[in-house]
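K.L.:
The domain 'AB hydrolase-1' annotation in TrEMBL covers 86-327. Per TrEMBL, the feature active site, charge relay system maps to Ser166, Asp292, His321.
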Amino acid sequence: KPQLVASNDRFCRFLEEYCPVVTETYYPTIWCWEGRVQTLLRPFITSRPQVQYRNELIKTADGGQISLDWFDNNDSLYYLDASTRPTVLLLPGLTGTSKESYILHMIHQSETLGYRCVVFNNRGIAGEDLLTPRTYCAANTEDLEAVIHHVHSLHPSAPFMAAGVSMGGMLLLNYLGKTGRDTPLMAAAIFSAGWNVFESVESLEKPLNWLLFNYYLTTCLQSSISRHRQMLEKLFDMDLVMKARTVREFDKQFTSVMFGYRTIDDYYEDASPCRKLKSVGIPVLCLNSVDDVFSPGHAIPVETAKQNANVALVLTSCGGHIGFLEGIWPRKCTYMDRVFKQFVQAMFEHGNKIFSM
């Protein structure tokens, strides 16, 4: 049974009534219950629902561009008026895009409820060109702020939520910690966020984890910028960046330098959402598994969460990183998908009851 951590009794009662999945026993798939196995197998096991996107490129203040993929859900049976159709902003992980299976499943769940979705693809990774020598990081929220303002300005009367996965969840938490209540978002859902970057990279540098995850993730990061080499060579020694063999080395040579941090430790401190959790000003539900090597259980800020009435943590003992596989053959729907579906429906349709329960 998941551990539900929340200091606000009203938020707890609200979740128990309208998002009961957070109190139900989670039965991980018996033949791949271990966290690393769940993490490795989920992308291959889960189905990929068909989603037809409408792409939009928006300009940024520094002359760059951001690629948004919209699922308008114009066939919505529940919200015929597009101007008031609830909207969910989705933030993929470190090198993820709108094509990730977990994003497609979130859109599929939203479609059945009649909601509209928009996926925020980080700069330079969804096929669009870099117009400036700048990509993205977990600490810098400028692009996310621009996207939230843009989406809200298009549909100011529509209820608006966001959901972030892995680094997308870290970015969203850092934004919420910065803005407090001053955001058009009414609530947010966070999945498998890395709470303390120092602990995350240390866990990923253990020999087996480096072999299974760290080296591959580093090559994915290098691959995502190699297409933009000509633009990035204006500021970086790309030969040195491409020699990195760990995420920490990549961040030291590239990410921390790009965003003007004096040291990599300064960047990691700024990127860690645990430092900003006290300032979150809207209802946030965060799902983590304590066996996630990307976000070790001992680094989850349980005590800090208890100090903010807007925050609820749901902690499972198994599930890995964006895994949460359940059932004998877990192709269709994961525990994470069910948490997402129930929470967004609860907030959009009953969110005003949190403060009256």
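Just so it is clear, glycine is given a Cβ too, placed from its N, Cα and C backbone atoms.
Set these features in their place in the structure for me.
P.N.:
For the domain 'AB hydrolase-1' (86-327), the model gives a mean pLDDT of 97.
Non-local neighbourhood of Ser166 (active site, charge relay system): Pro92, Gly93, Leu94, Gly96, Phe191, Ser192, Ala193, Gly194, Phe294, His321, Ile322, each in the same chain, at least six residues away, with C-beta under 8 Å from its C-beta.
Within 10 Å of the Cβ of Asp292 (active site, charge relay system) there are 28 other Cβ atoms, across all protein chains.
Counting every protein chain shown, 25 other Cβ atoms lie within 10 Å of the Cβ of His321 (active site, charge relay system).
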